[in-house]
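Among the features that TrEMBL reports, transmembrane segment is placed at B:12-33, B:39-57, B:69-87, B:107-129, B:136-153, B:165-190, B:221-243, B:255-284.
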Amino acid sequence: MEYVAQQMMNALAFGAEYALIALGLAIVFSIMGLVNFAHGEVIAVGGYTMVAFAALALNNPFIVIGGAIAAAILMSLLLERVAFRPVRYADPTTGLLTAFGVSIILQNVFLLAVSPRPVAVTSLYFLDWPVQLLGVQVSSLQVFEAVTTVLVIVGLMLFLKRTTLGLAMRAASLDFEMVRMVGVRSNRVFAVAFMVSGLLAGLACIFIMARRGSVDPHLGFNPVLKAFVACVVGGFGSLPGAVLGGFLLGAIEVAMLVLLPQEYGGMKDAFVFGIIALVLVWRPDGILSPPTEKGDKI
Amino acid sequence: MILNPSQKRGLVGAAILAAVLITIGLVVTYFGSRYQLRLVYSAYVNLLVVLAMQVFMGNARLTNLSHSAFMGIGAYVAAICVTPVTVKSISLPDAPWGLNAFSLDPVSSALLAIAITAVLALIVGLFVVRLTGSGVTIFSLAVLVIVHSVFLYRTDIFKGNQAFFGIPQVFSLTSIVILSVFVVFIVRLFRESRWGIQLRACADDEVGAAAMGVNIRRLRLIAWVLSAILLAVAGIAYAYFLGTISARPFYFNHVFLTLAMLILGGMRTVTGAVLGTLLISFGLECVRWLETGPVLLGIDLPEVLGLSGIALGTVIVLTMALRPGGIMGDQEIEDLVLKKQE
C-alpha cells in the first residue's frame, strides 16, 4: 500500500514537471501557432544563471531562485523579440524550423561559452529532504512540485479569466486579427505570452536543477521533448490539454518504470512513446483538442 | 508513356542536375585526394537523404524529423545481412534468431533492407497520415526517439553506440554518383506526377483538394513510404562504403544537418534540395576547418568547438526569417534556363 502511494506521488511529481513545461509551450502555441523548440534552452539559461550565481558566491536561495526565474523570463522575451518576431505571421512550419535553429544555436553557445560537460550546481540541494505525508515517506521536492503546479494552474486561470490582458490573450488564440482591430496591441499580447512561458520555464528549471544538481547544454532538451508529446496528446494549443497530457505522461512513465522488468529499463522511453502513439490513433488531434473547422479562415 | 509539358520540363531539370552531380563526381575522382573522396561521398549520402526528405516534406509540406531513423534501419539491416559470418561471430556473439549465422550477397541484403524499411514505414505511416500539422512533427520526433532507443538498447543486435564493424566495402564514389542521378530523376518525376501534383494541391488547400476527390491520406502514405525507401537506399549506401556504422549518426545531429540542407535550398523543389546539400556540405567543411583553430593570414585563431552547430542554426534561422521558401523558392533549375511555361 505504501509502495503504491509512493509511486503515485512519483507519478504526480513527474506529471507536474511535464505539465509546467507543457503549459509554457501551449500558451505560446495557442497564440501564435509556434511550436517552440527553444523552450528547453530557456530552461537551460536558468540553470546557467545558477552557475553564475554560484561563481559569484551568492548562495542566498531566494536570490538564486529569483535570479534563475528572471533570467528565464528575460531570455524568453529576448527570443520573441529577436528570433520569432520576423516569423510571427508565417506558417507553422516556418516558425517551427526557426525555433529549431534557435535551439541549435543556443545549445552550441552554451557548449562554446561554458562547457560541453555538466557543471555541478549545489545551491538547491536544500529543497530536498524526506517528509512523512499521511504515513508515506516522500521527498519534499515532490510536494513542492505538485503544489507549485497547482498554484500555477490556478494563477494562470485567474489571469486568463479575470484580467483584461488575459481576456485579450484568450481572444487572440481564437482570432488574432479581430483582437488587433479592437485596439489591443499585438506586441503586448505576444510579450505577455512569452513572459508567462518564460516564467513557467524558470519554475520548471528550479525543480529540474534541484533534482539533477548539474547543468549541461542539453539540460532542457529531453524534458521539453516529453512536454511536446504531452501537448500533442492533450491537444496542441489547449491549456487544459497540456496539463492533462503532462500528468498522463507522468503516470505512464512511472507505470512503465514499475511494471517493466529490470532488463527492459533502457526501453522505457520507447514504450512510453509507443503508448502515446496509440492514444493518438484513438484521438488524432489529442484528447482535449478544440473542435476545428477546416477551411474556416480565408 | 506520354509525358505532359511539366513532366518534360521536369526531365530537363533532372538532367541538368544529374550533369552537375556527375561533373562533381568526375572532378573528385580524378583530382581529389582520398580524404576529399570520403568527404564528397558523405555529401552524396546526405544528398540522397535530403532528396528523400523532399519527397514527403516538399510535396506534403509536413515536417518529418524521423528520417534519420529510417536511414538507420536501412543501414543496419543491410549491414547485418551482408557482413560475413566469420566477422559476425566476433562482433555479435549473442545475436538472437541466428542473425550471426547467415550472410547474403550485397544485392539481396540491400533489397531486404529496403523491404523491411518499407514495411516499417508503412506501419508508422498509417499513424502519421491521421495527424495534421504540428502533430506530424512531434509524432515523427517520437518515432526517432523510439528507433534510437531500440538501437541503443539491443546491443546484441545493433551494438548501440559501439561500432558495428566488418561490413564489406561494396560501393565506390562512382556507384553513389550513379545512384544519386537515379534518385534525382525518381524524385523529380514523383514531384511532377499525378500524385505529386495532388499532394502539393492538398498542401495549398486541403479542403479544396479533398472536395475535388483527392484521397489525402492515401497520397501522404504513398509519399511517406517512397521517402522511407529512398532513405533506406541512403542508409545502405552509407553502410556499404564506410564499413562501420553506429547508432550515433542516425540521431538528432544528423536530423538537424539534413534539415538545414533542405531548408536552405528550399524544400519545395528538387533543385533546392540539391543546391542546399552542396552549399552546406561545402560551407560546413570550411567552418570545421575554422573550428580546429587554423593559422589564417598570420593570425593563430583559437579552437572554437561548437562553431559548426552555431553556423547551422544561424543558416536555418536566417533562411526562415529572410526567405522562408529557401533559395530556390518555387523555381526549379530549368525555370532559369528554359522559357517560362505558358
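Heads up, the Cβ atoms here are built off N, Cα and C, so glycines get one too.
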With a cut-off of 8 Å between Cβ atoms, can you find at least three pairs linking the transmembrane segment (B:165-190) to the transmembrane segment (B:107-129)? Only pairs 6 or more residues apart in sequence count. no
Go through the chain and flag residues at least 6 beyond the ends of the transmembrane segment (B:12-33) whose CB is under 8 A from any CB in it; none is fine as an answer. 40, 44, 47, 173-174, 177, 180-181, 184-185, 188-189, 270-271, 274, 278, 332-335, 337-338
Assess whether the transmembrane segment (B:107-129) lies in contact with the transmembrane segment (B:221-243), where contact requires at least three Cβ pairs under 8 Å among residues 6 or more apart in sequence. yes
May I ask you to check whether the transmembrane segment (B:39-57) and the transmembrane segment (B:136-153) make contact, with contact taken as at least three Cβ pairs under 8 Å and only pairs 6 or more apart in sequence counted? no
Contacting positions for the transmembrane segment (B:255-284) when only residues 6+ beyond its ends and CB under 8 Å are counted: 13-14, 17, 20-21, 24, 39, 42-43, 46-47, 49-51, 53-54, 57-58, 61, 65, 67-68, 144, 184, 187-188, 191, 308, 311-313, 315-316, 319-320, 325-333
